[in-house]
Structure formats: structure tokens, C-alpha cells
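What Swiss-Prot lists as active site is 108. Annotated NADP(+) binding site per Swiss-Prot: 25, 26, 27, 28, 51, 53, 83, 84, 85, 86, 134, in sequence order, evidence recorded as sequence analysis. Per Swiss-Prot, Mg(2+) 1 binding site is recorded for 191, 195. Annotation source Swiss-Prot lists Mg(2+) 2 binding site at 191, 227, 231. If you look up Swiss-Prot, you'll see 252 marked as substrate binding site. Annotation source Swiss-Prot lists domain 'KARI N-terminal Rossmann' at 2-182, citing sequence analysis. Annotated domain 'KARI C-terminal knotted' per Swiss-Prot: 183-327, in sequence order, evidence recorded as sequence analysis.
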């Protein structure tokens, strides 16, 4: 069973005289920074000149520096910028300011695990990865609660890296809920797998396949949209709150019987594909592909996104959502 840490397992004292630099001020960045400061810790923000987030961070009362200056001033440097830009920022801004007294921190293990960032051996490296979006991390903290997180140690040069990691987790409120010990390898590989085969790639492929099957069989696209996409939220919310068995408790017997008998057909086809995809992740094949795709300017990435934007399910959904005044109309672009 996993090792789980709570408030009583961590002490903020080890960070009391430290300066923590948060690189980035997006969803996670602002939540970490505000929570750490409210926990009594000294936080500064690192953002490039011209970043649209600089004024927001200043308005929230933080001292804002360039990433290099923040790295110079800080004892702990937390990377909360996109994975794809971290290696360049590390090489150009952070690495020149590193010494054995500093600690590198991450919220995702991709660049450490796949060696896009290779820190000096005398530097502590840890990960604290909340299992929820930044706005939830912040909201739960202000309510006196917390969002669960993962914690991992990559390098413990000082002998106190784990204490610092748990203190950081406590500072953002995660130990109120529970912090699960893992490794950079496990967090990275399971995170990529979940995104590709279940949460993002799996769900969107299942929606499109179901929608296309009904439309190709002569059913109205609008009806197919409701059955294969819109109603998914109802089921996911039940699973999220009560688990699979709890969801089944809340649906009709007809739906339940179809679930346990026909769902097995999907399982048998998909599981071997999932196993192959996991193997690609474990061997580093996906990482190499994605790194090269970025270096080439993302031609495949943009082409596939554009293809899916033109899918009929998107066109139908755009019109049907106009019939639903209860949906938020927030502009995502």
C-alpha cells in the first residue's frame, strides 16, 4: 500500500528562513504562491519580462523578478511553467545560479524522468504534484482543507530533501488531505498513460466513435450528440463522487445490464492497445516523439487539432449548447 503523509508528518520550520521562487503564475503557480505565503513562508515570483502574468502577481502583493534573478535570490525554485519550455528556462536562467544550497522542485516529472533537465548531483530535487487544478488547490486551502498530492524525491544531496518536500506540500495545504509518496518515474508514466488512454485520448476517441456509429447508421446528429457526449457528464460526476459501483446504483437496471455485458466488448479490444501505449511511454518513445515534434514546430500536433475541430460532433455541439442557458459561456480562446 502507498505511504501517505498528513499534517502531523510535516513541519514548516525547515522552510521558515528560506526564499521560495515560483516560476510561472498560471493556474498552479498562483495557487502555490498564495497558499505558501498564507502559510507564513517567503515567496517570490519568476516571470519573463513581458509576461501577461506579471501585473497579476504584483497586484497580489508579490515581488516579481526575471526567472534568472528569482533563481539567484531563492533557496527553493519551483517550476510551474509548461513542460515544453522548462528545459530552456532551466539551461539559460536557472542552471547558472545553482549551487549546493539550492533545491529544485517540480509539479510533474516529465523533464527530470526523461532527462531533459539534468541537475547537478549536489542539488536537492523533489516533486509535489497536487491532484487537482490550481483554482481548487487555492479554494480548498482558504476553506481550511486541501487537495491530495503526490510527493517524490529525485536527489537528496542534503539529507533533508524529503523534509523540505513535505513542508512544501504542507504549505500549499496538501497534507490536510493526504500526500502519497511516489517516484518521478511512476508519476510521469502514469500521468502520461492516463491522459492518453483514459482522460483525454480515450474519452475523446470513444465519443467520436460512438457519435460516428450512430450518425452513419442514419440517426440524427443532434440525438447522437446527446447520447454520446452531453450525457457523459452525468455519468462521470456520479463516478467521481461515488465510484463505479455508486454510479451503477444510480442508473436504471437496463443501463446497468448493458454496462456489465456490452462494456466487456470494449474492454477486450482496448486493453491490448493500452498495454502497447504504456510500453511506448515506458521506453521513452512518446517522450522522444513529443520532443522532436516541438523542435519541428509542431506540424502534426496542429494538423490533428485542426482536423478534430472540423469534426461534425463539434459543429453539432456548438449549436446545441446554445440551447442550454445553464452552461457557462466562457471564451476559451
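Heads up, residue numbers simply count up from 1 along the chain you see.
Even glycines carry a Cβ here, placed using N, Cα and C.
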For residue 85 (NADP(+) binding site), the one of 195, 227, 252 that lies nearest, given that the binding-site residues are compared by Cα: 195
Query: Given the recorded positions 51, 108, 252, which one's Cα is the least distant from that of residue 227 (Mg(2+) 2 binding site)?
result: 252
Query: Any idea of the Cα spread of the NADP(+) site, 25, 26, 27, 28, 51, 53, 83, 84, 85, 86, 134, as a max distance in Å?
result: 19
- line: the residue listed as 'active site' sits from residue 83 (NADP(+) binding site) (Cα to Cα, rounded, in Å) at a distance of 8
Statement: Neighbouring CB atoms within 10 angstroms of the CB of residue 25 (NADP(+) binding site), all protein chains considered, total 28
- prompt: Fewest neighbouring Cβ atoms within 10 Å: which of the binding-site residues 27, 51, 252?
  reply: 252
Statement: Integer Å value for the Cα distance linking residue 108 (active site) with residue 191 (Mg(2+) 1 binding site) is 9
Query: Quick one: DSSP breakdown of the domain 'KARI C-terminal knotted' (183-327) into helix, strand and coil?
result: 125 helix, 0 strand, 20 coil
- prompt: Which site among 191, 231 has the most other CB atoms no more than 10 Å from its CB, taking these as binding-site residues?
  reply: 191
Task: Would you mind reading off the Cα separation of residue 191 (Mg(2+) 1 binding site) from residue 134 (NADP(+) binding site), to the nearest angstrom?
output: 17
Task: Write down the Cα-Cα distance for residue 51 (NADP(+) binding site) and residue 231 (Mg(2+) 2 binding site), rounded and given in Å.
output: 39
- request: Look up residue 51 (NADP(+) binding site) in the DSSP assignment and reduce it to helix, strand or coil.
  value: coil
Task: Give the three-state DSSP assignment (helix, strand or coil) for residue 85 (NADP(+) binding site).
output: coil
Query: Can you check what DSSP calls residue 27 (NADP(+) binding site), collapsed to helix, strand or coil?
result: helix
Query: In whole Å, how far is residue 134 (NADP(+) binding site) from residue 195 (Mg(2+) 1 binding site) when you measure between their Cα atoms?
result: 18
